[in-house]
Structure formats: C-alpha cells, structure tokens
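Asker: Structure in structure tokens, see below.
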Amino acid sequence: METTVGALGENTTDTFTDFFSALDGHEAQTGSLPFTFSYGDYDMPLDEEEDVTNSRTFFAAKIVIGMALVGIMLVCGIGNFIFITALARYKKLRNLTNLLIANLAISDFLVAIVCCPFEMDYYVVRQLSWEHGHVLCASVNYLRTVSLYVSTNALLAIAIDRYLAIVHPLRPRMKCQTAAGLIFLVWSVSILIAIPAAYFTTETVLVIVERQEKIFCGQIWPVDQQFYYRSYFLLVFGLEFVGPVVAMTLCYARVSRELWFKAVPGFQTEQIRRRLRCRRRTVLGLVCVLSAYVLCWAPFYGFTIVRDFFPSVFVKEKHYLTAFYVVECIAMSNSMINTLCFVTVRNNTSKYLKRILRLQWRASPSGSKASADLDLRTTGIPATEEVDCIRLK
C-alpha cells in the first residue's frame, strides 16, 4: 500500500529523505503535512544512499537542536511555572491580559516538560529513532501541534484586547463570562484543528544502509488523500498563520496611530503622561512579540510549502536535513521569546519567586490556615507602575 510519510510534530516536523528512500517499492510522501513524489522518478538508487546521521553536518545540527531543546526546557519550564504559580497566588495579577498570557504559559510549559524530553531522545540520543510506542508518538505530536495553535490564537486574542482597550476605551471591558468563553474558544479551536496530527500519526520501521533500522514517528497520509492533505495544510496556513498575522498587524497599527500620532485633548497631567508612556512601552513589547513570531515561523511555513508542493527542489539537496534543523530551531525558539517577553520581563518573575519562597519559609508547619492566608494578603504585590503597564486599564 502506498503511504505518505510525515514527521514528528506538525509544528516541529522532519522529513528524512536520505533514508526514506529505503521504502523500496513504495511511493513515499514526506513532509510535516506530506507531499507526493516517487524516488524512482529521480533515479536515486538505494545503494548510493548513506546514513546521514553519521555525517558531520548532522552532528552539528544535532548539537544545535539539543541546545535549543535544553533552552526550551529551562526557560519555558521554569519561567512559565513561576508565572502560573504567581497568577494562582496573587489576585492583583488576574486581569484579562494576564489570563490570556497564561494560555501561552500553560501550553509552552506542557511542551517543555512533556514533549521536549521525548524529542531530545528522538533527535539527539537515538538519532531519529522512536522507541516509546505509538500512543506516546501520537500524543507528543498532538500536544506540540495544539501548543502552536494555542500560542497563535492567544496572541491574536491579546492583540484584539489591546485594540479594544486603547482605541475604544469608553466601551465596557470584557466580563468574566466573556473572557472565559474567549479562553475556551482559544483552546477548543486549537484542539479541533490539530486532530489530524494525532489521527495520521503512527510509527514506521525504516531500513537504511547496512540494514540498520530506524523507527520513524510522524504523520503518515495515504497517497490517494493528497488533495485532502494539501487542502488541510492550506487551511491551517491561512487560519493559524496568515490570518492571525494580518489581524494582529492591523490591530497594532491602529493602536500605534492612537498612541503616537493622535493628540490627547485637554491638559495632560503627570498621571496621564505616565499612563501614556506605559501603554506605549507595552504596545512596543507586543509589536516585538509579533515580529518575533513572524520571523520565527515564516521560514518554517515557507520551507514546508516549498517541500510539500515543490518536492524536486529538495529531493537531491545534500544538506537538506541540516537546513531543516536550522529552520526548526528558529521556529522552536519562539516559545522562549514569548516566555522572556511576557513572563520574565513584563511580569518580573524573579520578584514573584522571592515572594513565594518567603511565604513558604515564613509559614510554620503548625501554623493555621488563617495565619497562612493573612501572610499571603500581607505579602501581596503592590500596584506598581509595572503592574499597571501589564493591565493597561
């Protein structure tokens, strides 16, 4: 039966064309959301293929992606955990913007502690061989995909919230029920769109040179479903990249016009000027986050489009796998940038960590719940300008 071979994670996929050609007698369709081509069409005899995992370029790429995964586990794991803990403890942080940021934090935290260790084993330790079974293969693939879409949808929701708060300040702010519905929509849309990533993910035993076996973990689409695959990819590309980027760009362009190019009527007090400076800094930070998102993910989507719709471009490229690793590392680094911008910098995570540790240290083992609650209230975070900046009310 002809198959299409996808890769580990729809947002961190791989296509190892050098050893996929071992599927002799089959038409391999490879890609994050795979495309169709036959190795026989390009006269690539099996005995001329080499195991790219033993090359120097692959070794260098393995080191790079290993460093990226370690960085994600440390930055996203620790930073997002502290932010989520602080948000649970301090009520003054629970505004709409921070709740939307919490969606980013939760999704990136799950990827850092659940997916990254398995990917480290797959990419670096076992050099492109999966040893953890079909269920974990599909689960890791699915969680990575959901995390990407949650991040995209949350960034879009934050942009819309800033637009409404700054361009239409007299309109009532979003109620708790509406905010809960928005958060539910962010997750439900991401979960539904990512279902094919889990449904088509499976394991495939591949035999490379010298009869060495590699267990490939990724999406495998039947060749006769090529039209549906490409339609699905274009749908995802439009809904989870092009559409959100255009919408966020329009929102921040309108907000920037409001903050920088529109005269404020009346006499400007020091408090008004301080709030204006605060809003400008926050919007600049959000624009930087949007720019980082585009710079990190545009190469990945562009690489995927060329690979999936114009396979002849890469099929004989010697350093194709190394190029993919570079593109993938750039895309994965976006989660670290989000954590540093939203969690560590904007919310001063170290201050929250010190307060949480002090609270635990001061609470005696025999202390009552009432005294612990009093301790929590007395160590609450003051309404500083930094907190006002993130709230932007």
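Using N, Cα and C of the backbone, Cβ positions are placed for all residues, glycine too.
Note that the structure is a prediction, hence the values are computed from the model and not measured.
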Asker: Look up the topology recorded in Swiss-Prot and say whether Arg279 and Arg355 end up on a common side of the membrane.
Answerer: yes
Asker: Candidates are Cys76, Cys176, Cys217. Which one does Swiss-Prot pair with Cys137 through a disulfide bond?
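Answerer: That record, Swiss-Prot, gives the partner as Cys217.
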Asker: Over all shown protein chains, what is the count of other CB atoms within 10 A of the CB belonging to Cys137 (disulfide bond)?
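Answerer: So the Cβ neighbour count for Cys137 (disulfide bond) comes to 23.
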Asker: Have the transmembrane segment (233-253) and the transmembrane segment (63-83) got at least three CB pairs under 8 Å, pairs 6 or more apart in sequence?
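Answerer: These two stretches do not touch.
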Asker: Where, among 99-119, 147-167, 283-303, do we find the most CB pairs under 8 A to the transmembrane segment (180-200)?
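Answerer: Top-ranked stretch among 99-119, 147-167, 283-303: 147-167.
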Asker: Across all chains shown, how many C-beta atoms besides its own are within 10 angstroms of the C-beta of Cys217 (disulfide bond)?
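Answerer: Cys217 (disulfide bond) is surrounded by 29 other Cβ atoms within 10 Å.
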